[in-house]
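**Student:** Residues annotated as domain 'Amino acid transporter transmembrane' in TrEMBL: 17-259. Under the heading transmembrane segment, TrEMBL lists 20-38, 44-62, 92-117, 129-147, 154-176, 188-212, 224-246.
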Amino acid sequence: MATSNGKTAFFTMEDAKASFNLFCCVCGIGSLAMPSNYARAGPFYASIALAFMIFANTYATLKLSKVMLVAPSSVRTYGDLGEWALGKWGRFFTVVSQMGVCLLVPCAFLVLGSTLLEVLFPDCFSQTVWIIFMALMVIPVCLIPTLKESAGMAFAGCMGTIVADIIAVVVLQYNMRGHGSIPSPDITAHQVLTCFGNLALAYGAAIVVPDLQREHSQPQRMPRVVVITILFISGFFVAIALAGYTAGGCQLSGNILYSIVSTCTFPSLSRRS
């Protein structure tokens with residue numbers, strides 16, 4: 001889109017729509033574990049891990065967007081891109097890797113969600129029942145064929161997570177006010193590796209970039225959109241991580257939502273500080 005003086009706009013409305021779609025697809029439940037990364041690995045190692053993942057994901061997504069600019073119009077999906085770059089073996093490895101992601105990531109989310117529901121609603125159902133219930137609830141969502149049709153679901157999930165993050169951080173900061181300095185963790189290699197695993201779960205923009213780029217009327221603008229969006233999401237992750245860690249230190253659990261649960265977990269946290 002050109003302005004009246006002939007210069008192109010830095011960020012158009014179409015750019016904003018693509019950026020918002022990307023934001024909704026990436027910013028999700030992984031943000032709830034950001035403070036726990038600092039609680040496990042400490043601020044030094046957690047900051048290194050977060051900086052590395054920010055760089056790696058921003059760089060990889062940017063390069064993917066640039067490759068899509070030179071790819072033929074027949075390349076519309078992640079699998080198409082693999083075949084165009086490396087032939088049928090490229091498609092095979094791309095599809096297999098994405099099948100692995102599609103299998104393992106929902107398993108992780110079902111376990112995380114069932115654990116959270118078991119704490120939020122104690123003495124209701126077992127974790128196994130919660131997993132089955134959640135799986136049945138997401139089946140209709142899984143049957144939505146295109147990214148555009150699932151935009152509402154992505155928006156609801158993203159906004160719900162952001163609201164949960166903000167509420168949990170506010171409650172945590174409020175309940176921990178007036179306490180002394182936060183305790184530091186006893187760092188082990190396992191805790192640092194777990195930090196990297198949580199961050200890998202939080203990011204995952206690559207698979208939606210081809211679809212978003214093909215839908216854009218000016219695809220040459222997408223690299224800028226991708227970089228700005230990923231950096232903005234990363235800034236949100238950093239803010240949530242620091243806000244949670246500065247309140248509770250190494251006492252934080254794996255999910256920041258546990259800070260708002262009225263169980264022995266959170267009161268004991270404040271007593272130990």
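Backbone N, Cα and C define each Cβ position, glycine as well.
Let's see these features in context: how buried, what's close, how far.
**Tutor:** Taking Cβ pairs closer than 8 Å, the transmembrane segment (20-38) reaches residues 46, 49-50, 109, 112-113, 147, 151, 154-155, 157-158, 161-162, 164-165, 168-169, 195, 198-199, 201-205, 208-209, 212, 225-226, 229-230, 232-233, 236-238, 240-245, 248, 252-257 in its own chain, all 6 or more past its ends.
Within the chain carrying the transmembrane segment (44-62), a Cβ under 8 angstroms from the stretch's Cβ atoms is held by residues 37-38, 187, 192, 195-196, 199-200, 202-203, 205-206, 209, 223, 226-227, 230-231, 234, 237-238, 241, all 6 or more beyond its ends.
If one looks beyond the transmembrane segment (188-212) by at least 6 residues along the same chain, the residues whose Cβ comes under 8 Å of a Cβ in the stretch are 18, 21-22, 25-26, 28, 30-31, 33-34, 36-37, 40-41, 45-46, 49-50, 53, 57, 60-61, 64-65, 68, 75-78, 80-81, 98, 101, 105, 108, 147, 222, 226, 229-230, 237.
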